């Protein structure tokens, strides 16, 4: 985050090049005629949506970070932890297990309050017709209802984010509605009403995350221009990765604040009221992030009829669709490991509450340190978004594999903290580079459609991962970690053999021009700049080098 000022300054150098003279233009056209013919089909497809994005200001970038700070905790802490705990305080106290309150399933000594809290969360005490579910499962059901309700809105949201002038209204209304439904959760101490709270929050965070992700794609175009040549793609890669990693690190700090507040409220006498206060506080923090909507960029000007299947554009992109599948699987893996691990630490290892706080803080704070370091590693090794996302999957594979192997052992405290840091880095890397990869595959004017599907699929994967780990697998960490291991392995296979590529995806999306084509640069600081790139190696060698890729970032 401290390097943001230098980053913006470097990015200004990227987009400010000299005007091309006529000789350069003629040479570019003659050398790249065949390439231009190859790109014509793609350009024709994207032309109705083409526009030049102004370069983002420092304020716009920082406000974009602020929204991540004020919203990332919604799907990582508020829904799975806070609402589950609140429901657990409403249900009747469970009967004492045969082993007593002072022992876990492993026979370890436990505090009575801790075991009662665990039993409240996992005991099937919420009646649904003739069946019963646990508070954790009821939260999963409410989460799923929200995703179902959000599905019909995908078309409307994606179309209006990309084309129109209602971006501020859509994102602002979603944020305000979501924050509002965080406020009244303690008014009625009944479990049946919680889908009425959770479902609107899920719809709201899905829509607002889509708007936030679309904004990321437009800012990258503002920094690097609407189209680059293949050898210039490191420009986009460096800037996009830096923005996404910084935002993820900031978002994790917001989650750490909320989870620390949860721990404090669990220690007071009136836990229910305390958790209600956490929910209200979360809503207010989320609402504070509404300042982000005033920096949103309008939709593209339509010069031809908008296709009716605009919101399905991602399914026509091989790389976009592959990325979407990997996003769902990696989100499932992350939440399955986190939920299964927390339940194991509390219900079987009976760790002291203060140690659980250390575990949570390391899990949510460590990415703020590790992700910027990984950005430096990426620049040195010149790795792309696909390989970085694979790194996250590998880390999850290691965590879930080792956890499964030693599921019957009593884990040492220092190993728990080490793997907490490892898994938190994995989650952060997969979140950050999934966003980068998807925006690399999004054609100009379709960022909203791609971002909407990204947001919904990510929420769906997270919800299913939580449901699996807290439902049938609750109390069996081996099942949670085993399923997560297999899911991560499948995601890796798809990433490697599914022919997913950020560069190829950008070429297919029309974000990269073939060598020799003339490309235009964004409007920076209110001035119109042109950026000509030609294919003549001898000419390039004579010119002064312009910062690109790793140098620019």
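Placed from the backbone N, Cα and C atoms, the Cβ positions cover glycine too.
Features as listed in TrEMBL:
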type	residues	note
REGION	1-41	region 'Disordered'
TRANSMEM	72-91	transmembrane segment
TRANSMEM	169-188	transmembrane segment
TRANSMEM	194-211	transmembrane segment
TRANSMEM	243-265	transmembrane segment
TRANSMEM	271-294	transmembrane segment
TRANSMEM	321-345	transmembrane segment
TRANSMEM	357-374	transmembrane segment
TRANSMEM	386-404	transmembrane segment
TRANSMEM	416-438	transmembrane segment
TRANSMEM	450-474	transmembrane segment
TRANSMEM	480-500	transmembrane segment
REGION	520-553	region 'Disordered'
COMPBIAS	525-534	compositional bias 'Low complexity'
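Same-chain residues lying 6+ beyond the ends of the transmembrane segment (386-404) with a Cβ under 8 Å from its Cβ atoms: 241, 326, 330, 333-334, 337, 341, 374, 378, 419, 422-423, 425-430, 433-434, 437, 477-478, 481-482, 484-485, 488-489, 491-492, 495-496, 500-502. Same-chain neighbours of the transmembrane segment (243-265): 1, 4, 61, 64-66, 68-73, 76-78, 81-82, 85, 216, 219-220, 271, 274-275, 277-278, 281-282, 285, 353, 356-357, 360-361, 364-365, 367-369, 371-372, 374-375, 424, 428, 431-433, 435-436, counting only residues six or more beyond its ends whose CB sits under 8 Å from a CB of the stretch. Residues 117, 120-121, 123, 125-126, 135-136, 138-139, 142-143, 178, 182, 185-186, 189-191, 194, 197-198, 201-202, 205, 248, 250-252, 254-255, 257-259, 262, 266, 271-272, 275-276, 278-279, 282, 285-286, 335, 339, 364, 459, 462, 466, 470 of the same chain, all 6+ positions outside the transmembrane segment (72-91), place their C-beta atoms under 8 angstroms from a C-beta of that stretch.
Using a cut-off of 8 Å between Cβ atoms, the transmembrane segment (169-188) and the transmembrane segment (271-294) share at least three residue pairs, counting only pairs 6 or more apart in sequence. With pairs at least 6 apart in sequence, the transmembrane segment (194-211) and the transmembrane segment (450-474) have 3 or more Cβ pairs within the 8 Å limit; the two touch. Outside the transmembrane segment (321-345), and at least 6 residues removed from its termini, the chain residues within Cβ reach (under 8 Å) are 80, 118, 121-122, 314-315, 351, 356, 359, 363, 389, 392-393, 396, 399-400, 403, 416, 423, 426-427, 430-431, 434, 437-438, 441, 453-454, 457-466, 468-470, 473-475, 477, 479-481, 483-484, 487-488, 490-491, 494-495, 498-500, 505.
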